[in-house]
Amino acid sequence: MRIILLGAPGAGKGTQAQFIMEKYGIPQMCTGDMLRAAVKAGSELGLKAKEIMDAGKLVTHELVIALVKERITQDDCRDGFLLHGFPRTIPQADAMKEAGIKVDYVLEFDVPDELIVDRIVGRRVHAASGRVYHIKFNPPKVEDKDDVTGEELTIRKDDQEATVRKRLVEYHQQTAPLVSYYRKEADAGNTQYFKLDGTRKVAEVSAELATILG
C-alpha cells in the first residue's frame, strides 16, 4: 500500500497520515527526516546531501529520489509507505515515475483557502507547554490566556495570516498541478485517485479513508 497525500497546508494531511500509519502499520516518509537521518548516518547519499546543504543550496530531485528509493527497501516498508510533502512539483513526480517508484493511492484533501486561513490563523499557543487552542474551535476559558497557568497565549509566526496566504499561493503554483497529473495517471490505470472533503470532522474523513483503503 503505497500512498501519496496531497492538499494545501492546514488541509488535515498530518492528522490523517497519523491515522493511516496507526491503522495500517505503514511508515510515513518525510523527506526532511530522511535527509537528516542520511546525514547523521554518514552514508554516501548523506555526505552528498550535507555538502549541498552546507553550501546553502537546495537538495536536487535526483538526490531526494535516491533517498526515497533507499528508504523503501528497508524492512518497515515491506507493506507499503506514506509520502506526505513529496512530491511537491511535477518534475519531482516525473522523477519518481522514472525511478520506478509505484504509487497505489493518491489521496487529495480538499479544503477551501478561506477555511484553511480560518483554521490556522485562529490558533493560539502556550509556548512553555505546547498547548494549542483555537479562538473558534477550541477557545481557552479566558480569552488569550492559558487554561492551566493563566499565562498569555501567543501566535506562532507560521500561523500569521500573511505567512499562511503566502504558503497557499506557493501551494497553488507548485503543488496543485499534481492534482491533474495524478488524475491522468489514474485514468491511465497507473494509480487510484480519490478526492476527500477535508471540511468534515476528522473522524468522518478517517472513516472514508478506511473504506477506500480497506
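Count begins at 1; order follows the chain as displayed.
A Cβ is built for glycine as well, from the same backbone N, Cα and C atoms used for every other residue.
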Among Arg71, Arg200, the candidate listed by Swiss-Prot alongside Gly10, Ala11, Gly12, Lys13, Gly14, Thr15, Arg123, Val132, Tyr133 for ATP is Arg200
DSSP helix, strand and coil counts for the region 'LID' (122-159)? 3 helix, 12 strand, 23 coil
Once the DSSP letters are reduced so that anything not helix or strand counts as coil, what is Gly14 (ATP binding site)? helix
On the 0 to 100 scale, where does the mean pLDDT of the region 'NMP' (30-59) fall? 86
Which of Lys57, Arg88, Arg123, Arg156, all binding-site residues, has a Cβ with the fewest other Cβ atoms inside 10 Å: Lys57
Cβ atoms near Gly10 (ATP binding site) (within 10 Å, other residues, all chains): 24
Taking residues Thr31, Arg36, Lys57, Leu58, Val59, Gly85, Phe86, Pro87, Arg88, Gln92, Arg156, Arg167, which bind AMP in the record, the widest Cα spacing (Å, whole number): 30
